[in-house]
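Database features, via Swiss-Prot:
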type     : residues : note
REGION   : 51-110   : region 'Disordered'
COMPBIAS : 57-96    : compositional bias 'Low complexity'
CARBOHYD : Asn134   : N-linked glycosylation site
CARBOHYD : Asn180   : N-linked glycosylation site
CARBOHYD : Asn220   : N-linked glycosylation site
CARBOHYD : Asn250   : N-linked glycosylation site
REGION   : 287-335  : region 'Disordered'
COMPBIAS : 296-323  : compositional bias 'Low complexity'
ACT_SITE : Asp514   : active site, proton acceptor
REGION   : 649-690  : region 'Disordered'
COMPBIAS : 655-681  : compositional bias 'Low complexity'
Amino acid sequence: MKVQIVFFSITVFIFVLFLLSVESNTKIKIVPSFLENSNEIEDLYINLDSDSKSSEHTTSSSSSSNSKNKGDSSSSSSNSGSSSNSIISGDSNSKDAPTTSSDSLSPATPIPTDGLLSASTYVTFTGGKVLCENITFCPNGYMYSSDYACNYDIVQNDPATHRGDWNDGIKMFEDPLPKNTTIDQVEGISFTISGAVGCQVTSSATTLEFYIQDLLVLTNTTSRYDICTCGSCYVTFGTEVYKYNMLGYNITGENKFQIQVSVNSMCATTIGITLYYKPPTITPTPTITPTPTITPTPTITPTVTPTATPSTTPSTTPTTTPSTPTPTPTKSPYSGALSPQVKKYIIIASSITGGLLISIFSFVFIRKRLNSKRSGYTQIKDGKDIDTQQIKIGVRIGKGNFGEVYLGTWRGSQVAVKKLPAHNINENILKEFHREINLMKNLRHPNVIQFLGSCLISPDICICTEYMPRGSLYSILHNEKIKISWSLVKRMMIDAAKGIIYLHGSTPVILHRDLKSHNLLVDENWKVKVADFGLSTIEQQGATMTACGTPCWTSPEVLRSQRYTEKADVYSFGIILWECATRQDPYFGIPPFQVIFAVGREGMRPPTPKYGPPKYIQLLKDCLNENPSQRPTMEQCLEILESIETKGFDDIPVNNNNNNNSNNNENNNENNNNSDNNNNDINYSNRVIN
């Protein structure tokens, strides 16, 4: 009987484990296990190719220089007005300067970049500043740079007057590819030149040869003429993307770059090198559902073994009468009724098993309740899978690169439904989509957009969030029918600061990385909520939401692909403060690729607003400081905003973006000196994100 009790207890215990495994497995099915180890933050890689193509043009200008770099090749030429590209795929045997005959060049065909990622780096040319120190502005369509270098001398064959550190066009650069990227993943390459090309107007064309590790990568022939009398005035153009086989390339360190100019001359400020590579292939790990093994309780058949056999043979003696004795059977150890001892064992085992079951189920229930609570906020259900048949889709209220946004009704409430287009679905997008859903469903704050649920069944992949009737802050600022007072701006910026502080205070720290007025949504009571912090990396794939695009709100350290902290979000918050004070687009009319260079390398900032509360204007300038450690924290921004006095200031009018960048150069000097003049005693601590 003891064996029965043991088998019964083991069976009950295995059944309990089965119940727990089913509960655990149900959770795993919501998010596949191969997505749980995804990287939290990806590096920002800037693809200048699409922007640089739009800036290609041909201009005419006179030049007094007729010489070229003595290290450049002069063996290739082209007819006036023509443009061609060639690439070389073989090895070079040259040990010093690269040399390649134009007869060996084969026509190159641009490759498509669909589905490819990109990583960029820059080489800079300096040393020509003294020649153009009196220049303050450039003609329309040209940018100004304080430093540059040229491939020819001011006075022919006079090395003493050489323009800058041209050095035969040779520069070294660090590999920009992400860690663990292999050579086999690299598909193509493109180059972006910021400078003046075609200085000798008497020549018909300019031939540019690009070398990496002394191997010719690309030959570009163009018939463009730019202003070359002063290298400080320049334009930016780029090549298309061509196949690159990475011969001789050092993927773990420094590489040698060289540009050779023939037939004509050029000046350069920077040259961008962009590599295009395939994303890594991720093999999903299948989810294994444990199958419990239940051992059936064996049926024990009782065996009755008599201890003695009664004698049936009569025993007789001559002197006695024979008699048949009555047999006395021995009592069987098994009987129909359980003995008191067996009943005692059964009661004890049942009590222990029942107590264990009650304890386990109580623990699971309490753990669920504790994990779901968020102190200080109204508890709602965690974001979960939604049956799209329960959603009534209404009118379209927005459209972006992520997909279309519709006003919908779900369980009697208005919701915003973002649908992922079927043609946009791939493994990387789904992986990022799952990761960001897991992030958003755990956030609860009055100034953070509420995530309600999602559908992950293709093709109806979508997410549902709360609906904000007044739309984005950007649309409000640019609506001439809406009057905006300084008190309303103060209130909305306080709301935004509280939402960002909540994200920065999370564990681990959540950096928005895409803060802008488009991602601050407003409800019917003018309360502002931070949105799109979860899907920013998806929506930024090749996206520009305005004529200027996301770079206008991005901090200089991010544009330079450097390490960044939560102070990068503080810089973006400063641009939003500027938008509210002016009701204009930052850097209106300047192409995004020029904004990237001007903000990241030249220190350009929007012009300081001339009207508004002094504390507000000073906070705006402090947030845009070049040095991240000199920027205030979001907690300090909130404290300053709450102390601002807005009485006596008129409503902020809508501006038409005219001349809002005319004072950029003057304003840049002021911004660059902020840390020296105003904030020498401030050194905010940073939490560095690798």
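Backbone N, Cα and C define each Cβ position, glycine as well.
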### Message
Which secondary structure state does DSSP assign to Asn250 (N-linked glycosylation site), in the simple three-class scheme?
### Response
coil
#### Entry: Candidate with the highest Cβ count within 10 Å, taken from the glycosylation sites Asn180, Asn220, Asn250
Asn220
### Query
If you measure Asn250 (N-linked glycosylation site) to Asn220 (N-linked glycosylation site) at Cα, how many Å is it?
24
### Query
What three-state secondary structure does DSSP assign to Asn180 (N-linked glycosylation site)?
coil
## Note on the structure
Around the Cβ of Asp514 (active site, proton acceptor), other Cβ atoms within 10 Å, all chains included, total 21
### Task
Could you measure between the residue listed as 'active site, proton acceptor' and Asn180 (N-linked glycosylation site) for me? Cα positions, answer in whole angstrom.
26
## Note on the structure
Students should find that the Cα atoms of Asn220 (N-linked glycosylation site) and Asn180 (N-linked glycosylation site) sit apart, in Å rounded to an integer, by 31
